[in-house]
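In Swiss-Prot this protein carries:
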- 284-402: domain 'Nop' (DOMAIN)
- 416-638: region 'Disordered' (REGION)
- 437-458: compositional bias 'Basic and acidic residues' (COMPBIAS)
- 485-521: compositional bias 'Basic and acidic residues' (COMPBIAS)
- 527-574: compositional bias 'Basic and acidic residues' (COMPBIAS)
- 580-632: compositional bias 'Basic and acidic residues' (COMPBIAS)
Amino acid sequence: MLVLFETSAGFALFKVLDEGKMKSKPVDINNFFETPEKASSFVSLKKFYKFDGTLDALEAQTAIAECKVPESLSNFLKKNVVSEKLNEQLIVSDSKFGNAIKDALNIKVLCDDTTQELIRGIRLQLKSLVNANEQDLNAMSIGLSHSYSRYKLKFSPDKVDTMIVQAISLLDDLTTEINIYAMRAREWYGWHFPELGKLITNHTQYANAIKAMGNRKSAVDTDFTDILPEEVAEEVKEAAQISMGTEISPEDLDHIFALCDQFLSIQAYHTELTEYLKSRMEAIAPNLTILVGEIVGARLICRAGSLMNLAKYPASTIQILGAEKALFRALKTKHNTPKYGLIYNAKIVGEASLKNKGKMSRVLAAKAALSARFDALCEVSDTSYGIAYKGAVDRRAAAIEGREVRKSLNAVKPEKSGNVAKYDHTKSATTNTTRDVATKSSKESSIKQEKQDVKMEEASSSDSDSSSDSDSSEEEKSKKSKKSKKEETPVAKEEKKEKKSKKEETPVAKEEKKEKEEKKEKKDKKEKKEEKEDKKEEKKEKKDKKEKTEETPVAKEEKKEKKEKKEEKEEKKDKKEKKEKKEEKEEKKEKKEKKSSSKEDKKEKEEKKEKKSSSKEDKKRKDRDEEPEEKKSKKSKK
């Protein structure tokens, strides 16, 4: 067995002296490398290949990291293993690297738990086994590690984007915390001075005013010149004298001051972080920041994962980036897909009118894709592309917003008037289709006319031949119809009787229909009422969300109660529907039974009628038979 060991100085090829020890457990192999003497008795150095320099070592290390066999190692193994025609197995530290050696040089490779313990023992006693100086090995390892780290950083631009990704995610977290702390301070201090919240809308001004004023009684003596404008300060002083709030203890004020201090510190760090993010975006993606802005650009990079991934995306994905849920929901329900995602927060899209926001987002996404590619792949950072694209997008926005009617062949001619009508994109979109339909209809009408002319000519030529045949066929048809009327089967008679009985039962059927319609109307009314109640509840929930950004424990309990009520309503609905279905089934069964009973009664009546008719016929026959006998008796008497 041979062992391949990679070091920073070169490749070492060891030979296992006692292969029987390899069959022992992996834990026992550590005992064979406790001392240099034991290690030399178990493993011996066969050959060692030394690197020419750090460049040679770096090439070999990069190839091994990519699971490729470097040329230096392949030549080394060919000389010492393949040329000597050794059928021994080669022990390797990595299984993937071993498969690469097996494919390239056709050498048997081994890698398992015992081999890993063997390589660990060789690494422990490497100095004694190779007979190398410790300082030289350390110097080679440090040089190789520095050069390899430089190589990895040079060819991985994704590592630089992590600063932007982490900064924008932290900025979003800070904004949520700031809103939570501000609302908490307003609710807490609102018990003491509720009028202050309506007078001061800015959160930072509100917190500074609380810190400066403290208790509302001292509002008259406090100076708000550095915090608030003069008009607002006077209103605050007047409101403090007529406030409806409750009294507050000094301990409560201390806790409110601590909350305000924490809020102001987070706010200050938020501003510092935005400045840091702006500087990083200008350094890493200057063209994208000019076009979209630093915050929107950072969010796009964060959503894509890195600037390189964003550069690989087409303009269509950049346009919808951030609206993946809405996109998949639209595809699932077969509705219209969203027109914009995170790019909606850009300044250019926000300034556009509501009708043209989709067009502006598409134009901006196209230029943003190009600017991201320049930022990711250009060696020299230059803002010329971003400035040029910004001007092009601004011109396009001006053209879209203040656009006149385009002169085209497909467009509908406008009416003659003094004022020029604005361009309507909805009409122009349908002009091509209407024109195509008109041309198709004209072509189809001409083709139909030609076909009709041909048919008429053929019919006129064949009229003289088929006149006699048509007369004879009509006579035969009339005879057959008369025969069929005369020869009506008993089955046809029964069908006629059933139809008559159905006509007689019309009032009952009408009453049943009326009952069904009344039930349907009641159901519809109930459903409409329930839908209205659900809509009212949804509106109330939306209002509560707008008023309060954070959910208090009371609000959570209310939500739970609402959910439970909804579930109870749904269960009641299900039970009602099941009951209604059962009632409908029972009604159907009763109707079927009634119909079957009515049919049986009819059959009995018909049978009685038939018996009566048959009895009458028998009497008539008897009377007929008796008459000639009486006549004969009279003649005999005469």
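Just so you know, glycine gets a Cβ as well, placed from its N, Cα and C.
Across the range of the domain 'Nop' (284-402), the DSSP-based residue counts are 92 helix, 0 strand, 27 coil.
Here the domain 'Nop' (284-402) returns a mean pLDDT of 92 for the predicted model.
Counting residues of the compositional bias 'Basic and acidic residues' (580-632) by DSSP class, helix then strand then coil, yields 53 helix, 0 strand, 0 coil.
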